[in-house]
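A.B. asks: What follows is a structure written as structure tokens; I'll ask about it next.
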């Protein structure tokens with residue numbers, strides 16, 4: 001497969017050089033093809049960011065690399081992983097979990113927070129947890145894994161909008177999934193990106209626990225996003241509440257509330 005792709009890539013380069021006037025970004029293309037060809041030759045996997053940072057002065061922007069990846073996959077009729085380009089890793093997890101590829105151990109995490117490995121290289125995972133808690137924000141994730149006492153929960157953080165790699169891991173988990181997100185339209189939209197998840201916070205009942213100094217008013221972008229989500233008919237109760245009260249709240253407001261007990265909060269929410 002790799003040798004076949006190398007041949008196709010070489011043929012593509014020849015074609016582009018013969019039709020150079022049709023490709024104004026020829027320098028960027030040739031540099032990109034060079035990196036891909038080298039990766040296929042050495043059987044070395046790279047992610048999008050590595051490709052970009054190897055030639056920042058040529059590519060100028062990450063979006064150029066993203067466009068070239070998509071264009072090359074279309075032209076060669078292959079996938080990103082066929083080109084040995086891995087997904088840029090962003091999400092993290094906390095908990096005992098083992099990852100396998102072709103029955104060979106690829107990654108194991110026994111203690112501490114770890115970056116989710118490239119799930120395109122994983123075909124089997126093993127875990128003992130019965131539940132999964134997905135946390136929107138990295139700061140809240142760090143506080144939760146430090147202070148929340150539980151051995152049967154796997155913690156995952158997508159650091160905002162989850163990347164495809166994070167979603168691939170979540171999809172492989174055959175356990176109950178819960179999530180906590182900001183009480184704003186973007187937090188709710190992020191929640192919709194996760195399949196089969198039960199949102200446990202911030203919910204409207206939690207607002208009574210939060211000091212009003214943490215209440216923020218909606219801006220025009222929030223209102224625009226709310227209207228977009230309402231058209232999708234998701235979380236309508238929360239969205240109408242935000243509009244009616246002109247309010248949004250970050251998770252930090254809940255966690256800093258007077259008398260807030262993180263163990264009691266999650267114990268009553270995660271069942």
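Every residue gets a Cβ built from N, Cα and C, even glycine.
From a predicted model like this one, the values you see are computed outputs, not experimental measurements.
Okay, these came from Swiss-Prot:
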- 53: active site, O-(5'-phospho-DNA)-tyrosine intermediate (ACT_SITE)
- 136, 182: Mg(2+) binding site (BINDING)
- 1-92: domain 'Topo IIA-type catalytic' (DOMAIN)
A.B. asks: State the Cα to Cα distance, in Å, between residue 53 (active site, O-(5'-phospho-DNA)-tyrosine intermediate) and residue 136 (Mg(2+) binding site), rounded to an integer.
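C.D. replies: Checking the Cα atoms of residue 53 (active site, O-(5'-phospho-DNA)-tyrosine intermediate) and residue 136 (Mg(2+) binding site) gives a distance of 27 Å.
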A.B. asks: On the 0 to 100 scale, where does the mean pLDDT of the domain 'Topo IIA-type catalytic' (1-92) fall?
C.D. replies: 90
A.B. asks: Among all the protein chains here, how many other CB atoms are within 10 A of the CB of residue 53 (active site, O-(5'-phospho-DNA)-tyrosine intermediate)?
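C.D. replies: Here the count is 12.
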A.B. asks: Quick check: in three-state DSSP terms, what is residue 53 (active site, O-(5'-phospho-DNA)-tyrosine intermediate)?
C.D. replies: helix
A.B. asks: Using DSSP, tally how many residues of the domain 'Topo IIA-type catalytic' (1-92) sit in helix, strand and coil.
C.D. replies: 66 helix, 5 strand, 21 coil
A.B. asks: If you run the three-state DSSP split on residue 182 (Mg(2+) binding site), which class comes out?
C.D. replies: coil
A.B. asks: Look up residue 136 (Mg(2+) binding site) in the DSSP assignment and report helix, strand or coil.
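C.D. replies: Coil, per DSSP.
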